[in-house]
Amino acid sequence: MPSTQKPMRYGHTEGHTDVCFDDTGSCIVTCGSDGDVRIWENLDDDDPKSITVGEKAYSCALKNGRLITAVSNNTVQIHTFPEGAPDGILTRFTMNANHVIFNSDGTKIAAGSSDFMVKVVEVTDSSKQKTFRGHDAPVLSLSFDPRDVYLASASCDGSVRVWKIADQTCTTSWPLLQKCNDVISAKSICRLGWQPGSGKLLAIPVDKVVKLYRRGTWDSQLDLSHKSITQSLNVVAWSPCGQYLAAASVDGNILVWNVETQECIERMQHEKNYTICGLAWHPKHKQIAYADTEGSLGLLENIGDGKKPNDKLAGAMTKDYNDLFDGEDDNCSNGDMIEPQSSPKAGANEDNDDLMPTLGLLRRAIIDDDNSLDIGMIKANSSLLEKEDDDDQAGGFSALPSSTQQPFYDGPMPTPKQKPFQSGSTPAHLAHRFMVWNSVGIIRCYNDEQDNAIDVEFHDTSIHHATHLPNSLNHTMADLSTEAILLACESTEELASKLHCIHFSSWDTNKEWTVDMPEDEDIEAVCLGQGWAACATSALLVRVFTVGGVQKEIFSLPGPVVSMAGHGEQLMVIYHRGTGFDGDQCLGVQLMELGKKKEQILHGDPLSLTKKSYLTWVGFSAEGTPCYVDSEGIVRMLNRGVGNTWIPVCNTREHCKGRSDHYWVVGIHENPQQLRCIPCKGARFPPTLPRPAVAILSFKLPYCQVTTEKGQMEEQYWRSVVFLNHVDYLLKNGYEIDENAKSQSVKEQQELLMKLFALSCKLEREFRCVELADLMTQNVVNLAIKYASRSRKLNLAQRLNEMAAEKVSELATAPEDEEDFRKHLNAGYRSSATEWSQLPVRNVQQDQEMEDAGETGAYEEAEETPEVQEQRPNTFSKGVTSAEVTTPKSAVIVSSSQGRVNPFKVSPNRKDPVVPSANVLDTMSKYPKKTSLSSSRAVNKQNPPVIKPLIPKPKSKQALAASFFQARTPTSSEKTVEEREEKTGNESHQVKVTAQQNTENGRPKTGFQMWLEENRANILTDNPDLNEAEVIKEGMSRFRILSSEERMVWTEKAKRGSVSDLAEDKKRKRPTTDEDEVKKDQEQKSEDSNVSKKTKPLDRSTNVRLSAFAFKQS
C-alpha cells in the first residue's frame, strides 16, 4: 500500500508549532504559540487534553513520563505526563529558549537560547548544569549524540558546532548556514539530527540538501537531495531504526530517503504549501507526524510501503555503504520496517484511522514488539520474493505476538459500533458540557470541584424562567420540550438507572417524578414529545411514559440504540442493525406515531450515511419532518413526497474554511428554509464558555450543474417542492397551516417552471417543454400555450392544448361518485361566475404584456396566477366540511375553463385594455369567500350557507363542454373593469353582481360551437358510446377537416349571432335581490341598470335562434 497523507487539522493558533510522540507512540504531543501543550490520541481526536504551560511554547520534548517545554518567560519547565501537573523549572535563560531535547535515556535535557547559550541539565537534579559558550548569535537547534558523548548545535551565526559534553569544548565547527540576527529572520531553523543507535552520522539540512557528516572524522560523507526540492530544507528527522531520514522544507515539501541506498522513497507536498517546522517519527509504526507554522497538525502513514519487498529488505543485503551501519540498528532491520504490504497494520486498520478515536486503540492492540522476525525469515523472504503468500505469512508473523503459525484474517475489518448519544450534547467526560441544545432551550452541566449542577435556559422566557438544578445523581442525559425537562443517569453499584422528569407546565403542585429502571438495565437515550416521554435502555427496550409519569407502551428494538428524537406525536429511534465493515456504520431507523391511531411509518429501514461516517445529530425540523446529520456534514431530510425516502438537503462541509472545522447542528426550519448551527474551529463541538454564536446556513440540494441557469432553477424548484411536503402532512394530522406561505411557495414553483419553459423554448427543446408543462397548474399551462404560440412554436402549442384538454377530461372521468361530482361541477360553474368574468380581462392583459415585454411579462403573470388559483376552492359550498382537504382537485376543475383556450383564434373586436394587471388581480383577491353567496343571492333566493345544486338548462351540458374551447371576447367586461377602477374601494359587492350577470347571460359563441350544436346528433349516431369530452374531441377533428371557406362561414355566423343578441339584450335586465342585504338593494338596482347598459350581456338560449335567423338572411 502506498503512503497516505491524512487531512491536516487545526492544532494551535498561528505561529511556530512543535510535535513529538510519547515513548509508546500511543499519542501525539504538540505545543504552539497559544501557550498550550495538547495531547492527541490520534489525528481525529476532537477533544485533545490541553495543558497550559505559558504565554507561548516554543519547543517540547517527552520521555519517561516527563514533559519539558521551552516557554516565553525564558524558562525550561517540566510537567508530569499525561497528568500535566507542573513539576518545577529546570533552568532559566536571559532570553527565551528556542529548542529543548532529551538525551537517549531521558536523564538529561539540552536547551539552546536566544542569549547565545546552550545548557545541558540533569533531569533529576537541576543543580547539575553545564553551559556551552561560543556561538555569536541565537541558537536555533540541538541534537544529542545517542552515545551521550557529543552535542551538536546550529546557530544564527551561520555555524554548526559539535561539542564534547564531558569537558564542554567545541570539537568541530562548520560554517554552513546563512547568517542572521534572530530566529524569526532565519532562512531555516536547521533542526539537525544524529543517527539513532550508532550515532555514526550527523544529518544537517543545508539549503536544498541534507549533508551527512561522519562521526569521529567529521568529514562530509554524502549529500541527500532531490529535484523536487525548490526551497530551503527546514527540519530533518531519523526513523527510530536509523535506516530512513525524513526532511521537510519551508514550502511544505516532505521527503524520505533510504540513507543506505540514497534513494528517495517518499515525497509529499503540504496541502497549502505552508512551512513545516516540526517532524517526528512514530517509535514503532511507519508514520510521521508534522506541524506547520499556521498551527496545523498532519500525519503521513505507511512510509515506504509502496516499495518492492527487495527495497524494504535492503538492510539485510550488502551494499556500498554497509560499513556505515553497525549492529546497533539490527532491531530496526528485523522489526516492522520490513513489514510486507499485506500486513493488517498497513491495511484496513490504517484506513479506519480517520473513522473514530476508538480505532487508534484497536490498531495499537494489533502491533507487537520490534523483534518478532528472525534473520532466517528475512533470508527466506529475500530468496522467495515472487511468492506473495510467503509475504502474507511474514506480515502475519510480524504483527502477531506468537511465533507459531496460525491463520490471520485479512478481509474487511469490522467497524467498532458507535456509542449511544443525545443529539445536541457534547461529550460526557467534559467538566463543563451541553447536555442538550435544541429549538426550545439549552441545558448545561457543570461538574467540577466546587459544584455539580445543571442549568436550564429557555430561548423564549415566556415558556418558563431559567432554572438551576442540583445534580446529586450525576445525570448524563437530558432533553427539553415546552412542557418538561427530562433527565437520566446511568446505574452505579448502589443505585439503579433513573429517569427523572420535571413537568413544569403541570397545573398541579407536584411537578416532578422519578422512575427506577429494573436491575442491570441502563438508560442509554431519552426524548420528549407532546404529552409523552420515552427512554431506550441497554435491554434493547423502548419505554414510553406520559409526561405526568404513567407508564405506557414498551417495545423491543432489533439492536442497540444509537439515538432517539421526539416531536409532537412522532418518535424516531436509530439503532444498530448489525456490524458495519471498513469504517461504515450499519444503522436502522424506526419512525412511529404515538397519537390515538398508533402506527409505524418506517419499519427499521436502513439509514443512509456517507461512506466511513457516523451519526452526529438526529431530530425533527420545527415543522415535524425527521432529519439527521452525519460526521461528514451531510444533512438529510425525510421526503414524504417520494415514499418516505431520505434526501440530502445540505452539506455543511461546503461552508467550512478549514478541514478540521465543523458545524454543530442545533435546529432545522423548513419555512423559512434555515439550518441553525454553531461553527466550531478545529473541533466537532463548541465549548460552553464563551457562549457560542448560532449561524444560519441555507439549504442546497445536490443537483447536477447548479452553476448553470437550468441547474439552478431545477434545484430551487425541487427544493421548494421538498420543503412544502410538510404542509400536506400537517393538514392530514389536523394542524392549521399558514395558507400565505403555502401559496407563496406554489407561486414560486410555478414561476420557476415558467422560466425553465421559456429557457427550453429558446434552446428549441420542445419535448422538454411538454415535460415541464406537465408539472404546471392549469393557469400556467395556458400561459405556456400563449408563450409557445408567440414564439412561433405552433406544434408545441398544439400539443400543450391537447395536454390541457386531457387534464380536464382526466378530472371529469375521475372515479368519483357521479352525482356528487356533478354537484361540485355545477356549484363551481355557477357560483364562481364572479371570478370567471375576470378571466377574459386577464387574458387580454397577458397578451398585452407579452407583446410589450416578451418573457418578462410571462414571468410576472406566472407570479400572479397562483394567487387566483389558491382562492378558487372557496367558490364551493361552505357547507362542504372537507373543503380544505379537497382544495387541489376542485381548484383544477374550476380553473379548467381556461385550459381550452384556442391560442390561434384572434378575437375580432379586441381592444388594448387600459387597466394594469395589478389592479385586475387586486380586485380578484378582494372577494375570496363570498362568491358563492353572490350566486345564491342572484339565483337561489335562500340563506347563503345552504346551497342546493342548480338544475342545468337543457343545453347547459353542451354549453359547459363547449365553453372549454370558447374564444374570449373581452370587450363586454372591459368597461366593467374601468368602472371597477373608479369604485373599487366601497362598491366591491356591486361589482360581484355585475360580473354575475355578465357570466350568467353568457358570451358570444365561436363558429365551432355553433357547428357542434348542429352536428352533435350526427356524431352521436356514428359513435353512440362517446362521453362529453370525447364528443368534443371528435367534433374538433371533424371541424378541422372542413375547408377554410366553410369554417369562415361558421365564424361569420357566430359574429352575426352575437350582434343580434346584443340588440335584444338591451331590452332585458335581470333583477337581483338579496334577503341578507336589504339595505343596499336600491344601490345595487341602480348600479345594475347602469352596468347592463354598458356591458351588453348575451343570452345563450336565444343565441341559437338568432344565429340561425342571421344565417338564413345571408
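FYI, residue positions are counted from 1 along the chain as it appears here.
Glycine is treated like the rest: Cβ placed from N, Cα and C.
Because TrEMBL annotations are produced automatically, they should be read as predictions rather than curated entries.
Note that this is a predicted model, so its numbers are computed, not measured.
Listed in TrEMBL for this protein:
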DNA_BIND  1001-1069  DNA-binding region
COMPBIAS  848-867  compositional bias 'Acidic residues'
COMPBIAS  872-883  compositional bias 'Polar residues'
COMPBIAS  931-943  compositional bias 'Polar residues'
COMPBIAS  975-990  compositional bias 'Basic and acidic residues'
COMPBIAS  991-1001  compositional bias 'Polar residues'
COMPBIAS  1044-1055  compositional bias 'Basic and acidic residues'
COMPBIAS  1063-1099  compositional bias 'Basic and acidic residues'
DOMAIN    1001-1069  domain 'HMG box'
REGION    325-354  region 'Disordered'
REGION    386-425  region 'Disordered'
REGION    846-883  region 'Disordered'
REGION    929-951  region 'Disordered'
REGION    967-1005  region 'Disordered'
REGION    1044-1114  region 'Disordered'
REPEAT    9-41  repeat 'WD'
REPEAT    132-173  repeat 'WD'
REPEAT    226-267  repeat 'WD'
Fill in: Secondary structure tally of the repeat 'WD' (226-267) (DSSP, helix then strand then coil)
0 helix, 23 strand, 19 coil
Response to the item:
Taking every residue in the repeat 'WD' (226-267), the average pLDDT works out to 92
Worksheet item: If you run through the repeat 'WD' (9-41) with DSSP, how many residues end up as helix, strand and coil?
Response: 0 helix, 15 strand, 18 coil
Response to the item:
Counted with DSSP (H/G/I as helix, E/B as strand, rest coil), the compositional bias 'Basic and acidic residues' (1044-1055) has 12 helix, 0 strand, 0 coil
Response to the item:
Residue counts for the repeat 'WD' (132-173) under DSSP, helix then strand then coil, are 0 helix, 24 strand, 18 coil
